[in-house]
Amino acid sequence: MRDYDEAIAFLGEWGPFQRLIFFLLSASIIPNGFNGMSVVFLAGTPEHRCRVPDAANLSSAWRNNSVPLRLRDGREVLHSCRRYRLATIANFSALGLEPGRDVDLGQLEQESCLDGWEFSQDVYWSTVVTEWNLVCEDNWKVPLTTSLFFVGVLLGSFVSGQLSDRFGRKNVLFATMAVQTGFSFLQIFSISWEMFTVLFLIVGMGQISNYVVAFILGTEILGKSVRIIFSTLGVCTFFAVGYMLLPLFAYFIRDWRMLLLALTVPGVLCVPLWWFIPESPRWLISQRRFREAEDIIQKAAKMNNIAVPAVIFDSVEELNPLKQQKAFILDLFRTWNIAIMTIMSLLLWMLTSVGYFALSLDTPNLHGDAYLNCFLSALIEIPAYITAWLLLRTLPRRYIIAAVLFWGGGVLLFIQLVPVDYYFLSIGLVMLGKFGITSAFSMLYVFTAELYPTMVRNMAVGVTSMASRVGSIIAPYFVYLGAYNRMLPYIVMGSLTVLIGILTLFFPESLGMTLPETLEQMQKVKWFRSGKKTRDSMETEENPKVLITAF
C-alpha cells in the first residue's frame, strides 16, 4: 500500500515546479503583511490642539495663549483636549488685558474643544483620526478599530479551513484574496468611522483566511523536506517583507485614502497567479477527482523534466485518507494533566501574541521617525524567524522558548531606566524585545504540535492559535496605556513576557521524544513528572497533518 507522498516521490523535492509553488504561494502572503499592520498609519494620531475660530475677537497674545499647558514626559506641552473658555479670554482681550501679566492663566476656566481641532501635518497629512476627530472623548475608537480588525481575523480563522475543505484550496485562496483586496478598496469610500470599521473587520476575515489557505496549499503540494522550510521561513519571511513595504508606501503617500488605494494594487497583481498555482492534488483525491490530480502531477513532472510513470495512483482506494478517531474540544481537558497543559498553552499563546502585536502597533509612539521605526520593527522579524528555525533544529524547545521570552521581556523592562534624551537606545531595546517575542511566537506552533497526541493534535493547535487571536484583539489596549504613562505599556508587557517565560519551564520537553498517539502517552507537566521517561529517536520529518493546521 502506498500513501500520497510515496506515489509522487518520483517528482523529487526541489525541482522547478516546487520552487515555483514555494515562491508564488509565499509571495501571495505579502499583501497580508501590510494589510495586517496598515492601521498603524491609517489610524495614526498626529499632534493636535483645540481650534480657535478665526472669527474669535482675540489679540495675537491671547490667541497664542488660548490653550493651556500640561506636563508630558517631564516637559510642558500644549493641551490636546482643553482650551481656555473662549468668551472669557475674548472679554479680557477686548479690555486690553495681557495674559500672564494682567491675568493669571492658572485661574482661568477651561472648556473642551467646542470648535474642533487643529492637527499637525508634520507626520500625517490625513488619517481616519483627523477625518472623524477620533481624539479626546472619542479616542477610545482608535484601539477599538484595531481590535475589530482582529475580531475579523478570529472569525476568519474559524471558517477558512472549513471553506477550503468544502470548496477547494485554490478557489478559497483567490476568493479570500478578492475579499481582502476588494473590501480594502471599499474602505476608501467610507463616509463614517462606523462604515470604515465594519469594512475593516471584513478585511481581517479575508486577511487571515488567505494566509491560512496559502499555508495549507503549500504544505499539501510541497514535499516533506521543503514543507517545513515553507511553513517556517517561507510564509513568515514574506509576511515580514509585506510588513516592511507598508512604511515605504506610507512615507510617500500620507493621505489615508490614497494609501489604501496603493495597498490594494499588490492584491490586484496577484490575479495572474490563478494560472500558475494549481489545486491541491491531495484535496482532489479526497474528493475522488483522481483524473484532475494526475493531470497536475503530470504537468509538474514535465516542468521538472522527469518521466511520468504509466500509472501514478495505482490503487486509488488505498490513497484515501486514513479515518481518524473523532475528537472533541473537551478532550483537551479530559485529565488533570492535559487540562493543566492546555491552560498553560492558552496563556503562553495569548500573552506572546499580546507582546508581538502591541510592539508592532506601538511604533508610532516611539521617539524619532514613525516610518523608520515601523520599518525596523518589520525588518527585525526576518532574523527572528531564521534564529527560531535554527534553534528548533537542535536545542530543547522549552529552554529556547523560555530564553527568548526572558530576553524579550527583560529588555522591555530596561526601557524605563533609559534617560529620555537617549531615545535611540530605547528604540534599540524595543526592537530587541520584538526580536525575542517574535522568535518565541514562531516556535509555538511546532512546540504545541509535539506536545499533544495525534487524536487531538490538530484541535490543540487550532484552539491555542485562537487564544493568540484573542491576544491580538486586546493588544491595542496595551498600547493605549501609553496615554497615561509612556513607560506603562513596556512595564506591563515586559513583566507578562518574563512571567510566561517562567511558565514555559514547567512544560515537558518534546525534543527527541516520540510524538504521542494517545492521551495516556502524553508527557506530564513538570510538577506532575514522576519516574523515568523513555527517550526514543525522533522522526526527522514533521507530521504533515500537523503542519497543515499550524497557522
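Note that Cβ sites are derived from N, Cα and C of the backbone, with glycine treated the same way.
Among the ranges 142-162, 310-330, the stretch that Swiss-Prot annotates as transmembrane segment is 142-162.
With respect to the membrane, Swiss-Prot annotates Pro453 and Gly482 as residing on opposing sides. Cβ atoms under 8 Å from those of the transmembrane segment (172-192) belong to residues 28, 31-32, 35, 128, 132, 156, 160, 163-164, 199-200, 202-203, 205-207, 209-210, 213-214, 217, 257, 260-261, 263-264, 267-268, 270, 273-274, 277 of the same chain, restricted to positions at least 6 beyond its ends. Closest to Gly223 (ATP binding site) by Cα-Cα distance, out of the glycosylation sites Asn57, Asn64, Asn91, is Asn64. Annotation: Thr219 carries the greatest number of neighbouring Cβ atoms among the recorded positions Asn57, Asn64, Asn91, Thr219, Ser225 [cut-off 10 Å, Cβ to Cβ].
For Lys224 (ATP binding site), the Cβ neighbour count at a 10 Å cut-off comes to 16, with all displayed protein chains included.
Cα of Asn64 (N-linked glycosylation site) to Cα of Gly218 (ATP binding site): a span of 61 Å. Other Cβ atoms within 10 Å of the Cβ of Glu220 (ATP binding site) number 18 in total over all chains. Within the chain carrying the transmembrane segment (372-392), a Cβ under 8 angstroms from the stretch's Cβ atoms is held by residues 33, 37, 40-41, 229, 232-233, 236-237, 239-240, 243-244, 246-248, 250, 359-360, 363-364, 366, 400, 404, 427, 430-431, 434-436, 438-440, 442-443, 446, all 6 or more beyond its ends.
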